[in-house]
Each structure stands twice: as structure tokens, then as C-alpha cells.
């Protein structure tokens, strides 16, 4: 067994090296899109922090979800966050699976370009909605009597732009319609539904999305309307973007990973030429996508 592992290790590193070279080439073509998407995540956090200054605590609104679902309680707020962290980390790891697995259908850079496009459009709509009307937050730290329900006027611009991370992200108020956690969850689940390969995992992912929705309401972090609006808004955004964006290349027919058995010199040269041609085709598709 140790001898078998020693023989397989160089193949794994060669696979990772080949994949990294391809992804770096794609990143060189699409780095502006990736950077813009990541920068907007900060802008979205800044907008959510800014609306906290406008939040005014009040009586919790009547909500059908609060009547139907028992309240988890202040000491169990971590339950929904734990599930969200699991969904988030699982999806991130899946997007990097081409580096180590033999069977793969996606390019990591291109899939994140698409995911960030879904996120940015959905978050733009979210910013517009929660700045249009500020509702009294149902979360425990947003209720009347809590010191965190209102923020004192900022003493400097630096205080606003630093957004008091991570406390500002965890204990924010006012950014209700619609749920940011559900934006990420639904974007990730939809993306795997479209580009994943395991049917059982797809079904399990949708089940987790439903459970996540119920846990957010039971934790009193959002009203039911925040969850309902997120479900149809994110799905509509993804539907219309899929009509506008070019389809991602499918790698299942021509994998660029090295085979399990060593190649002869002749086969290796032919494989390298094939990989180079595949990379040129992907780069041309990526350039078209960015335009």
C-alpha cells in the first residue's frame, strides 16, 4: 500500500499543476470580472451597515411564519449559521474539485464568474428594497431595549467604511427584505443543480435550502416575506442571466487531467497539443463572455 500511494502522489501533483496552469490562464482573461464581483461584496456589506443607522426598533410585525414555527431562542441562533456555513464551505470546495478529481465538468474561474454575476444582481435588488422601507427587525438584538438596535451617528467616515467587521455583519439591523443568507444559498444550490453531476446531492442541496429557510424564520432573523421574496427573486435573476450569458464549456468529453496510467512520449505530445487546443477554445469563450 505505501508503494501504491508513492506512485499515485506524482500523478496527483501533475494533475494539480496542469489544472492550476489552465485556471491561471483563465484568471488572466477574467480577473476584472472576478475583482469587480469580490469588490461588490464589500459594497453590499457597506450598504447593509449603512441602513443600520436608519433602523428604528419597534413592535415585531405580524408574521405567519412566527405563528407556525416555534421560536428557537436567543441561545440557539448558531443553528442556522452552522447550516449556512456548511452549505457555503461545501460549495466552495466543490468549485475547486477539478484540481484533484479525474471526472469534472467545470472550470473554477468560469464558474465563479457566473456565481458572482448572480450574486451582484441579486444584491443590487436587495439594497434597493431594504433602503426603500426600513422594517423593525425581528432579531433579538434589533428589538426595543437592546443596545445594538440603534447605532449612534458615526463620528467619521472611517467608522462607516470599516463596517465594524465582523460584529457589524453579525449584529446588523434594518437590512431585511430580502435575506442575504438565502441569496447565497439559492445561488449555490442552483449552480450545483445546473453543473453538478450527482443527482442525490442535488436533491439533498434543495432540502438543505428549505431547512435553511425554516431555520432563519425560527431563529427570528428575518420575516417570512424576506425568505419568500428571496426564493422567487434569486431564481428569476438566475433564469434571466442564464438567457443572456453564454453557456460554460462542458469538460466531461475532453478532460485536461492526466490519465491514471503513464503516457508514452508520443501520446504525451498528442495530449499536450489537445490540452493546448482546449485551453484556446476556453479562452475564446471566456473572452466572448467578458465582452
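Placement of Cβ uses the backbone N, Cα and C atoms for every residue, glycine included.
TrEMBL entries are annotated by machine, without manual review.
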Inset, instruction - Kindly point out the range from 168-188, 189-209, 210-230, 231-251 that TrEMBL annotates with transmembrane segment. - result: 168-188
Inset, instruction - When you get a sec, could you say which of 40-62, 109-131 is annotated transmembrane segment by TrEMBL? - result: 109-131
Legend entry - Candidate ranges 77-97, 140-160 [criterion: TrEMBL lists as transmembrane segment]: 77-97
Inset, instruction - Could you give me the DSSP helix, strand and coil counts for the domain 'Sphingomyelin synthase-like' (172-240)? - result: 53 helix, 0 strand, 16 coil
